[in-house]
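Annotated compositional bias 'Acidic residues' per TrEMBL: 477-493, in sequence order. Taken from TrEMBL, the feature domain 'SPX' covers 2-145. For 477-497, the entry in TrEMBL reads region 'Disordered'. Positions annotated as transmembrane segment by TrEMBL: 253-271, 283-306, 318-335, 341-359, 380-402, 414-432, 518-544, 550-569, 581-601, 613-630, 680-701.
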Amino acid sequence: MVAFGKKLKERSIQEWQRYYINYKLMKKKVNQYGRQLEGGNLERRHVLKDFSRMLDNQIEKVALFMLEQQGLLASRLQFLRQSHDALQEEPQISQISNLKEDYRAVGQDLLKLLHFVEMNATGIRKILKKFDKRFGYRFTNYYVKTRANHPYSELQQVFRHVGLGAVVGAVSRNLHELQNNQGSYLSIYDQPALPLQDPVVDSIRAAVDRLTHSTNFLNFMAQHAFIMQEELPSPQDEEESVEQDGRYHFMSLLLNLVNTFLYMVNTYIIVPTADDYSMSLGAAATVCGVVIGAMAVAQLFSSVYFSAWSNKSYFKPLVFSSIVLFIGNLLYALAFDFNSIAVLLIGRLFCGLGSARAVNRRYISDCVPLKIRMQASAGFVSASALGMACGPALAGLLQTRFEIYQLTFNQDTLPGWVMAVAWLLYLVWLAISFREPAREPEEIHNASEESNNSGEAGQEVNLEKGIKEPLLITSEEIEEEEVEDEEESEEASEDSRKPANSIVAAYRLLTPSVKVQLLIYFMLKYAMEILLSESSVVTTYYFGWSTSSVAIFLACLGLTVLPVNIVIGSYISNMFEDRQILLVSEIMVCVGILLSFHVVVPYTVPQYVCSGLIMFVSAEVLEGVNLSLLSRVMSTRLSRGTYNGGLLSTEAGTIARVIADVTITLAGYFGRSMLLNATLLPSLVICVLSIVATCFTYNSLY
């Protein structure tokens, strides 16, 4: 991690150096205030007044320079407009080409201005946070409240930057007219769904999206993938994006998404029949919890070695994953004829050892170009959701029985046979079509330091929410300031950028805010696993449902994922803050758990279905918002290397699933009549604890 003062010095545009906020001066001033207050030589109200005036002056300097640069860009665009009008009367190909290059040059200068705004906005957030931290009270709240809606505040210019939006629109519209719609009366405003394919405009759009924290469906979907883009694209990032274009291979990306889809199908295809399979092998129906959870147990280990393996290769881990999953499903199917519960469990353990989701995430973060990474991340989530729905649905279709060469094919074994064939076909496709991305020698040597495998994407608020949200403090900024305070030397700064080299080291980097987010993630995964894994046993006991009925119920739950994300990502997240959605979603999960308890005789289908739907949908919403916030409060040291934020969140979710499945099996000893309430009680306790933790940290963590 690089201290912000050093980052500002390295990334600032030299000819604009004197127009940036003087972060170093303000930092020294804060330390000076601290010493004077400790010595009793200064009153707090004098500190507030003096620091407010200094910060106002710094922001005014930035805002006036922004206006000056916007004016220069507007003048150039006005001149180009005249040339554009003249070309419409007498079009000439050479002049059109020159005019497009002139517009692109304006776009490049606009991109520089956006970088300028981003660095200054970040500096303002950090110095406000440093002030609050040093003196123990929330000066940020006072400062934002008094400046946010004041008609003469320059703070609005920095964080709303409406004029920059007009310049972006002018560059995009004119390039669109020159490039794609000559002779047409349609413009970008008539065809908003058809974005201009121009590198400069793509870079500007990415910068504006990052700067305004704009929200859309793809952003919300990508949060579930937890593939994090750390910063606004810099000129160096643009060069790296060009290199990624050379490494990108569509078929390889598609194979990663298919791997994700098949693995989720493999996870949930056995849920409707796991209890019946366990009883046919002489075990109790509740042993289905262990059968389902065995895959998650193995995934605890596979996530680590696949994450490390992806530092060196993508193709070999995927091949290994396919082979192990083929063997695991084969053993799962053969357990019936061997009449062995041990073979059944070993098969599921093998399936868990083949979990290559860490490789799938890593390929998207490392090899997919920045301009389409959001779509690829959303594709990752969509493939997972589709697999989750297709697994139980496919199990519902496999209701038949026959024998071939003394091998039994029935509703219990067919999921294993079908998935074994699927993984074998996938392995052949993988061998034919996958292309290993090229790696530089030093990248291979230092791969763990140059990769980014944590979650992306976070959303904060839309443009209309204005100023206050961008000034919210994150733990990532706290850690950067701690680097500034405690590790001023160059050597310490270099060390602070290194990724964690063990799980213990990664855990030590977790701030209280991150721990709360991981607790929430643990809770929602635990609640979802309880609902899904025991559904077959519970519905058979209370309602006498067949395997097909259970499969339809689980498939319907899975099919709610995409519609719910569309509504939340496109509408709800534009109306409310992430932390508000987070707290409400937690409460709704708690409501769903409470409604699921069997306290009224008889237990009815509407009660079970409605409570399960409330719990599942709320948990899905909670997962997206939680990962969005987690990607913003996670240390940047956890955004790369083997032991990254994505791995930590995956391990937290996997541990939750393991404990949930063990809980189902242990609760089975009390009898199936007590199973539902016995498994819901821990879910309720964990949910209440997460709500309490969120309430205590609501104002300070997000």
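Each residue, glycine too, has its Cβ placed from N, Cα and C.
According to DSSP, the secondary structure content of the domain 'SPX' (2-145) in residues is 126 helix, 0 strand, 18 coil. The average pLDDT the prediction assigns to the domain 'SPX' (2-145) is 79.
Counting Cβ pairs under 8 Å that are 6 or more residues apart, the transmembrane segment (550-569) and the transmembrane segment (613-630) reach 3 or more and are in contact.
In this chain, the transmembrane segment (518-544) does not touch the transmembrane segment (414-432); fewer than three CB pairs sit within less than 8 A of each other, excluding pairs fewer than 6 residues apart. Contact between the transmembrane segment (253-271) and the transmembrane segment (341-359) is supported: at least 3 Cβ pairs lie under 8 Å, counting only residues 6 or more apart in sequence. Against the transmembrane segment (680-701), stretch 518-544 has more CB pairs under 8 A than any other of 283-306, 341-359, 518-544.
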